[in-house]
Each structure stands twice: as C-alpha cells, then as structure tokens.
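Database features, via Swiss-Prot:
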type    : residues                       : note
BINDING : Cys95, Cys98, Cys120, Cys123   : Zn(2+) 1 binding site
BINDING : Cys112, Cys115, Cys138, Cys141 : Zn(2+) 2 binding site
DOMAIN  : 41-158                         : domain 'RabBD'
ZN_FING : 89-146                         : zinc finger
Amino acid sequence: MADTIFSSGNDQWVCPNDRQLALRAKLQTGWSVHTYQTEKQRRTQCLSPGEVEVILQVIQRAERLDILEQQRIGRLVERLETMQKNVMGNGVSQCLLCGEMLGFLGSSSVFCKDCRKKVCTKCGIEASPGQKRPLWLCKICSEQREVWKRSGAWFYKGLPKYILPLKTPGRADDPHFRPLPVEPTEPQPQSAEVSRVYTWARGRVVSSDSDSDSDLSSSSLEDRPMPSGIKGTKYDKPRGDSGGSMESPRMGPARPPSHLSGSQSSLGSETGAGATDPQGGTLPRPEPRVSGKRHTWATTHY
C-alpha cells in the first residue's frame, strides 16, 4: 500500500508532486474534479438579509455587554481611588484610615501585610482567621484585592479596560441615585385672604376715581330739597345735557343757566361741605338780592 502511494507511477490515486499541485492551484482544479466545483459553490453562496441582521444583533449585543463590563470595573476603580484619597493618618503613630492615635495610650494596632502600614482593629480586616498567626489587611488593600478578583485582573496580570463614571452630572443617571421628589407647597389661607381684601379695596378706589363731575352734580341736584321761598318752580322736570338750561315760570323768579364749569362746581362742593344738613341733605345758599323786579337764586352743583 505504501509502495503504491509513494510510487512514481501515473496512477490517479497517487498523490501528485509539488509541481503538479502548484499547477493545479493556478488552474483552480484542486485535488480532484469535485474540488473546483465545491470552491465555486462556496464562492457563490451569500447570506440572506435575515441572517445578516441576526449576526449584526449578536455583535451589537456583545459590544453593549463589553461597555457594561467596562463601566462596572470603572465603578470598582473609582471606589478604590476614593478610599485612597480619604486617608487621614500617617500609618505609623496614627491609623492610616481614621487617623486615631495608636500605642499604649491609644487603640491597639495591627500591621497590614500588603502596604506595611499600621491601622486600628476597626479599620483592619483579618484575612486568614484560621491560621495560628492571623493575617491582617487594611480596608484599602482588601478592596484592591477585591478589584483584582472581580475585574479579572488576576488573569490578565493587569487591570482591563474600564470606563470611569461621570462626576456630578452623571449621578442623576445612576439607577441607585434618585433625587427626592419635592412636594408643591400649598398656599396659606392667610395670604389668600389678604389678597382678596386688597383687590376689594383697590376696586373701590378705582370705581370712586372713575366717577365724573357731571354725575356728582346731577345726584346732588336731585337730592337737594326745594327752597322754601320759591313756589311753582319745576324741579321735577328731568334735566337734559350738561350744557342745557332750565326755564323759570313767568310769575316766579327767574333762574340763570344751570351749566357750570368744572372749577365752579369744585368750588361749590368745597364751600357747601360745611352747610350740610344732619339728615343727609344739603341746604341752598341764596345770593345777595339785587335791586330789581326779579330775584335770582344760584344753584350749587356737587
């Protein structure tokens, strides 16, 4: 069998030499007649869109998991760095972590195996309690060992790639950090009552300021009682416009035009303030008589 395989004959089952193999490789004929067809079929094959989508989803999921793993390792590293920055003692006469005095007058101390610093028993961790001679580690060295164990650095002989979390802006995105909801404060009833009183007072002031002089004069004229010395005067007759005049009877005294300017009405209101009837009415003030047949009476508008 071996002679048949390694013989120099031209049998088709004999392995060709290197020259023939190189020639067949250039001609893409392969080892047998079926080799070229298999290669051709392999080249013509292509993936369907569904298969391509599934492959892309697997790749994207692997990338997301990789990013999550890097963020997890970054949180471990940040915690370790924070502990290293918050040391308060020198590790010789004081505890490395809390800064408590050590010695005869202070707390009892233990010696960390990794960093060779002294810490108190509260800040130290006993790594091997079953041994005759206990092994102590400080919290920083114990956390560093935990980081190497949980990140896989012991396998890679170094810390893998990690992503540190953001400082202050990133705390809001942390699922473990949520700001307390602030309840809206209800308005006090006292403040609402004060605002209502203020609105009422303001409306009264505005409404009093919006009255015109003509309204005041017309109301005062209608409420004024009839003079005792005049008879037959038409006081019940409705007034017209502010510029109109009232006619006097033939047998009674004549009256001047009833329209007055704004200054005269204001002057009359100031002078008539003192001659007010206790019952609420205003008394007329007659003008001095002039020599003649007719007597005129001045009407004061308020």
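Just so you know, glycine gets a Cβ as well, placed from its N, Cα and C.
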Listed binding-site residues among Cys112, Cys115, Cys141 whose Cα sits within 10 Å of Cys98 (Zn(2+) 1 binding site): none
For the domain 'RabBD' (41-158), provide the mean pLDDT of the predicted model. 88
Rounding to whole Å, the Cα atoms of Cys112 (Zn(2+) 2 binding site) and Cys95 (Zn(2+) 1 binding site) are apart by 11
Those residues of the chain, 6+ apart, with a Cβ under 8 Å from that of Cys123 (Zn(2+) 1 binding site): Cys95, Leu96, Leu97, Cys98, Cys138, Lys139
Determine, for the Zn(2+) 2 site, the additional residues of the same chain whose CB lies within 8 Å of the mean position of the CB atoms of Cys112, Cys115, Cys138, Cys141; present them in sequence order. Leu96, Lys113, Asp114, Arg116, Lys117, Val119, Leu137, Lys139, Ile140, Ser142
Distance from Cys120 (Zn(2+) 1 binding site) back to Cys141 (Zn(2+) 2 binding site), taken between C-alpha atoms, in Å: 14
Look at each of the binding-site residues, Cys95, Cys98, Cys120, Cys141, and point out the one with the fewest other Cβ atoms around it within 10 Å. Cys98
Relative to the mean position of the Cβ atoms of Cys95, Cys98, Cys120, Cys123, the recorded Zn(2+) 1 site, which additional same-chain residues have Cβ within 8 Å? Gly89, Leu96, Leu97, Gly99, Glu100, Ser107, Val119, Thr121, Lys122, Gly124
Counting other CB atoms within 10 A of each CB, which of the binding-site residues Cys112, Cys115, Cys138 comes out lowest? Cys115
Using DSSP, break the zinc finger (89-146) down into helix, strand and coil residues and give each count. 8 helix, 16 strand, 34 coil
